[in-house]
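Asker: Annotations per Swiss-Prot:
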BINDING   147, 150, 199, 202  Zn(2+) 1 binding site
BINDING   163, 166, 185, 188  Zn(2+) 2 binding site
DOMAIN    5-70  domain 'J'
REPEAT    147-154  repeat 'CXXCXGXG motif'
REPEAT    163-170  repeat 'CXXCXGXG motif'
REPEAT    185-192  repeat 'CXXCXGXG motif'
REPEAT    199-206  repeat 'CXXCXGXG motif'
ZN_FING   134-211  zinc finger
């Protein structure tokens, strides 16, 4: 079976902006939404594909992978689309993009079974060196587990009654003109049930806080904003399901090296005589000492590239480069002997030492003629 192009699915150009993609998704999702196409399996399948396409094209990293390698590239990174997801998962994604009141007339397909999100997000700071070479880090964090006294209900003895606000539906509905909207019940938070009396053990929250520490692998080449997923390390539901822990990484800046994508930049200060004469110098790089051959007449801000000495790309495995940029240092004060030596050196070059005179001689003549006419 030939893969369907995500851009064709959403009917957008390959250079479409995020807003254009979102607008196209909104239009098509409304058109093929199952509530507007009851008993129409073709529309339901199209709705699934539209959501899959949007989930990829609305994510900068996934879109870049897809543009370069197609669906195979996504699958290699663990993204398998909606094929193995339940329809409720797809509806959850739909509502996460546009909210529960999106579109009007679409009721919630299922009541939330959880009192709190199962997935957890935390942040971690690592050094420049740790990002370059990869490492292992110990993570300490807190997560929620159901209260054993009330079995996660928040009610004394676990006794619940239908929510009087939404009459047990978990949703409340209201009309605006000819449109019907729904939103999560603010009293029971979508549960459809409320406690007759609050559990004394957890004060009605339905959970307690526990602490945990785990060791995670930081891959070589990770960058700020990248997330690491620790499966089944999140909050625990009343039914025993456990969410995932997502760790967002932030890389500290280094005093000597600067990262740009997968390349590393460093500044190499040299004296003006070294630039003029040329010289081989030893420079410290993140991966050890390297020899830098300065050519005769090296220019200020001239760059020298050390291939494969940069960061490893976490997706492709290819390493970036180290770019050493020269900064020429000139003396700010001279003694008499140094001045004399420099004057002699300048004289030894003759007219070569005053390139501005040759450059500007014709301009001087031209300007004179402007005033003699």
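Residue 1 is the first one shown; counting continues down the chain.
Just so it is clear, glycine is given a Cβ too, placed from its N, Cα and C backbone atoms.
Note that this is a predicted model, so its numbers are computed, not measured.
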Asker: Can you list the residues of the same chain, besides 163, 166, 185, 188, whose Cβ falls within 8 Å of the Zn(2+) 2 site's Cβ centroid?
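Answerer: Apart from 163, 166, 185, 188, the close residues are 164, 165, 167, 168, 169, 170, 171, 172, 186, 187, 189, 190, 191, 192, 193, 194.
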Asker: Quick check for the class: what is the C-alpha distance, in angstrom and rounded, between residue 185 (Zn(2+) 2 binding site) and residue 199 (Zn(2+) 1 binding site)?
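Answerer: Each residue's Cα considered, residue 185 (Zn(2+) 2 binding site) and residue 199 (Zn(2+) 1 binding site) end up 21 Å apart.
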Asker: Name the range, of those listed as 147-154, 185-192, 199-206, that has the largest tally of Cβ pairs under 8 Å with the repeat 'CXXCXGXG motif' (163-170).
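Answerer: The stretch I would name here is 185-192.
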Asker: Report the DSSP secondary-structure composition of the domain 'J' (5-70) as helix, strand and coil residue counts.
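Answerer: Per DSSP, the residues of the domain 'J' (5-70) fall into 48 helix, 0 strand, 18 coil.
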Asker: Considering Cα atoms only, can you say which of 163, 166, 188 is the nearest neighbour of residue 147 (Zn(2+) 1 binding site) among these binding-site residues?
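Answerer: Its closest listed neighbour, by Cα, is 188.
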Asker: Other residues near the Zn(2+) 1 site, CB within 8 A of the CB centroid of 147, 150, 199, 202?
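Answerer: Everything else in range on the chain: 146, 148, 149, 151, 152, 153, 154, 155, 198, 200, 201, 203, 204, 205, 206, 207, 208.
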Asker: Expressed to the nearest Å, what is the distance separating residue 163 (Zn(2+) 2 binding site) and residue 150 (Zn(2+) 1 binding site) at their Cα atoms?
Answerer: 18
Asker: Between the Cα atoms of residue 202 (Zn(2+) 1 binding site) and residue 166 (Zn(2+) 2 binding site), what distance do you get, rounded to the nearest Å?
Answerer: 25
Asker: So how many other Cβ atoms are close to residue 199 (Zn(2+) 1 binding site), meaning within 10 Å of its Cβ?
Answerer: 22
Asker: Count up the helix, strand and coil residues in the zinc finger (134-211) according to DSSP, in that order.
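Answerer: Per-class counts: 3 helix, 37 strand, 38 coil.
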Asker: Between residue 166 (Zn(2+) 2 binding site) and residue 150 (Zn(2+) 1 binding site), how many Å separate their Cα atoms?
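Answerer: Roughly 23 Å, rounded to the nearest whole number.
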Asker: Excluding near sequence neighbours, so keeping only residues 6 or more apart in the same chain, what lies with its CB under 8 A of residue 150 (Zn(2+) 1 binding site)?
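Answerer: Set apart from residue 150 (Zn(2+) 1 binding site) by at least 6 residues yet with Cβ under 8 Å, we have 156, 157, 158, 199, 201, 202, 206.
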Asker: Measure from the Cβ of residue 163 (Zn(2+) 2 binding site) and count the other Cβ atoms within 10 Å, all protein chains considered.
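Answerer: Its Cβ has 20 other Cβ atoms within 10 Å.
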Asker: If you count other CB atoms within 10 A of each CB, which of 166, 202 wins among these binding-site residues?
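Answerer: Its Cβ has the most other Cβ atoms within 10 Å: 166.
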Asker: Which value does the mean pLDDT take for the repeat 'CXXCXGXG motif' (163-170) in this predicted structure?
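Answerer: Here the predicted model's pLDDT, averaged over the repeat 'CXXCXGXG motif' (163-170), is 85.
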